[in-house]
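If you check Swiss-Prot, you get these features:
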type	residues	note
TRANSMEM	16-36	transmembrane segment
TRANSMEM	45-65	transmembrane segment
TRANSMEM	93-113	transmembrane segment
TRANSMEM	114-134	transmembrane segment
TRANSMEM	141-161	transmembrane segment
TRANSMEM	172-192	transmembrane segment
TRANSMEM	223-243	transmembrane segment
TRANSMEM	244-264	transmembrane segment
TRANSMEM	277-297	transmembrane segment
Amino acid sequence: MFSNYRQYWDLTKPKVVALIVFTALVGMVLAIPGVPSWEQVRAGVLGFLGIWLAASAAAAINQLLDAHIDAQMARTSWRPLVVGKVKPWQVLVFASVLIVLSMVILVLWVNLITAVLTFASLIGYAVIYTVYLKRATSQNIVIGGLAGAMPPMLGWAAVTGMQGSSDWAYSSLLVLIIFIWTPPHFWALAIFRREDYAKAEIPMLPVTHGVVHTRKQIMVYSVVLALVCLLPYLVGMSGAFYLGGAIVLNAVFLWYAWRMLDPPDELFSMKMFYYSIVYLMALFAFLLVDHWILPWL
């Protein structure tokens with residue numbers, strides 16, 4: 001049944017999932033004041049595993065449903081299903097096993113709310129976004145981005161069970177940051193790959209509204225993102241260390257967005273795309289250090 005294990009590893013989009021589970025991990029840490037109890041550590045480890053399995057399953061389902069699109073795009077034409085290294089039924093079985101394992105772990109050994117939120121996120125990305133939104137509207141990334149923004153809340157839920165309104169409020173701030181970050185992140189890539197998207201008949205914003213309009217939207221979202229990133233500090237969720245890091249990271253992000261309005265070359269949008277990945281990792285790392293590590297130094 002199974003081909004080279006590497007093909008199945010590639011089906012999970014490991015680099016993308018790594019960023020997803022990192023933000024979930026930060027959500028877990030931020031949810032716990034002080035030193036975590038053994039029960040919180042246990043729930044965190046199992047929650048991390050369950051979220052990782054679900055995210056991997058969603059990535060595999062996405063490749064299964066998008067195989068005909070991936071075949072038309074240079075960026076994705078190498079994927080295992082496209083080149084025939086795995087068969088559709090193998091991907092379906094693989095993803096199903098991951099989903100079952102994820103739900104068993106989350107329901108039996110973490111808590112029900114984490115399982116429900118995780119499953120809803122999986123369906124939101126793998127089905128609602130992939131099957132409908134991606135093909136239906138130029139706002140696909142904006143609307144569908146909510147599913148991809150959920151991991152910090154999933155991590156938060158794993159160690160708290162979302163018992164109070166503050167759990168929902170604080171974890172929602174983390175979700176909001178990723179939700180606002182998602183459009184400029186993907187639109188920068190879409191500008192560079194717009195011919196691929198047009199060929200595959202995917203209505204990404206640069207295809208439907210043009211590059212100039214997309215660059216302006218990137219600028220708008222970047223300004224909103226910079227403002228939203230102040231909220232964890234303003235509500236007392238994080239301290240000065242995070243604030244300083246967020247200001248620097250957003251200053252660079254805004255510079256990229258401003259430069260995108262009149263880029264020096266065609267490759268500049270990819271430079272912003274790659275920086276946006278570093279940006280999100282660093283921003284959540286600042287949240288992590290500020291909340292937990294810094295007080296112990």
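Just so you know, glycine gets a Cβ as well, placed from its N, Cα and C.
With a cut-off of 8 Å between Cβ atoms, the residues of this chain six or more beyond the transmembrane segment (93-113) that come close are 1, 8, 11-12, 42-43, 46-47, 49-51, 53-54, 56-57, 60-61, 64, 86, 119, 122, 157-158, 161-162. By the count of Cβ pairs under 8 Å, the stretch nearest in packing to the transmembrane segment (141-161) among 16-36, 244-264, 277-297 is 16-36.
Recorded stretches compared: 16-36, 172-192, 277-297; the one with the most Cβ pairs under 8 Å to the transmembrane segment (223-243) is 277-297.
Sequence-distant contacts of the transmembrane segment (114-134) (same chain, at least 6 residues past either end, Cβ-Cβ under 8 Å): 47, 50-51, 54-55, 57-58, 61-62, 65-66, 99, 102-103, 106-107, 140, 143-144, 146-148, 150-151, 153-154, 157-158, 161, 202. Packing against the transmembrane segment (16-36) from elsewhere in the chain are residues 44, 47-48, 51-52, 55-56, 59, 148, 151-156, 158-160, 167, 170-171, 174, 178, 237, 277, 280-281, 284-285, 287-288, 291-292: each is 6 or more residues past its ends and has a CB under 8 Å from a CB in it.
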